[in-house]
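K.L.:
Have a look at the structure that comes next, please.
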Amino acid sequence: MLLEAIAIALTAAHFGAPLLYYWRAKRWLKKPWDVAPDPTYRPRVTVIVPTYNEAPLIEEKLDNIYEQDYPRDKLEVVVVDSASTDGTPSAVRRWAETHPDLALTLVEETERRGKAHALNTALRHATGEIVVITDADALWPARDTLANAVKWLADPTVGAVSCVKRPAGPAGVEDSYRDFYNVLRVAESKAWATPIFHGELAAFKRELLERLGGFPTDVGADDSHTATKIAMMGYRAITPPDVVCVEAVPKRGYHAWRIRRAQHLVQHFAKAIRDGKAPPPFKPILHAEAYLHLANPWALPTAAAALAAAAAAGSLPAAALLATGAALALYKPYRTWTTMQAYLIAAAVKNLWDKELVWEKQEKR
């Protein structure tokens, strides 16, 4: 009975902790915003687009930025290319020649050293008060996406802004996961700050980036870790609900993509909880998310192993509990949750020998 009791306790903790945190987040979500966005705020903005073999997508991406309802004289784009071999720089030059009214700088690196290195290279060419990072395969679905993000940075307490995400097209497991995920991001933002940002759109006050010395090159989640460092400086790092981006999901290699993203979040949280003291409003958020990403995923397989050992020893209750767990896989929310936990476990293991700071490109669109 001891193994069964341990398994039940671990299972209750595994599901209870995120449900309790989600309940708390829903309460935060009901709070009014205590920051003051200014829809008329129009600082100079630098949009940085890091690229590596993005020739099929880069012109659509630049068109998407060009279509933003933001003053041309307050907007510049810096494309930083990390030694593409498919003609991406040439595609950028062709696009720039046909859009002379948008300031565009192309920076070409001679070798691929990772996204954060590329961002820091581009940062040296940025002139905007606000620096916006956006992936080449991500789209901003509304013409006011950029303006919506920038308006929140008018508040002096806000240092960084990101977006809520929705998958492009049918995405299966992504849909239900994103619903849960987006609630947490907005709720944490209302409470103080969210420790998870998105590469589809991450906007930062340039002066804060300079105080940090640029983007971190030793963790993969450069956007999330930078936002968290800004929150630790006492500024808000928020995801407002009116800043929406479309997330491209790979056509092939989905599981490898998911594990890599999980690796970067595991690296981020492992480093964030060691790096400094979080402000009181941010501390419970950071610690809860660190627990959910670093420790909680291991509880369920440990419980399953305990039940399997008990069942092998002849315990019928343990066998019944294992069968119940297997049957629950037919329930989509349960299947989605356990899949994401499996990615986090695989990520933690893979981080032991490969942090994937430079990774193989996967086709998304």
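Residue numbers in this text run from 1 along the chain shown.
The backbone N, Cα and C atoms fix where each Cβ goes, glycine too.
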K.L.:
Hey, TrEMBL has GDP bound by P50, Y52, E54, V80, S82, R112, W257, R260, R261. Any idea which of A25, A136, A237, A278 it lists too?
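P.N.:
It is A136, as the record lists it for that site.
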K.L.:
Counting Cβ atoms within 10 Å of each candidate's own Cβ, which of the binding-site residues E54, R260 comes out highest?
P.N.:
E54
K.L.:
Using the alpha carbons only, what distance in Å do you get between C245 (disulfide bond) and D137 (Mn(2+) binding site) once rounded?
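P.N.:
The separation of the Cα atoms works out to 11 Å.
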K.L.:
Can you check how the pLDDT averages out over the domain 'Glycosyltransferase 2-like' (46-212)?
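P.N.:
Over the domain 'Glycosyltransferase 2-like' (46-212), the predicted model scores a mean pLDDT of 94.
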K.L.:
Just the number: how many Å between the Cα atoms of S82 (GDP binding site) and C163 (disulfide bond)?
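P.N.:
Their Cα atoms are separated by 25 Å.
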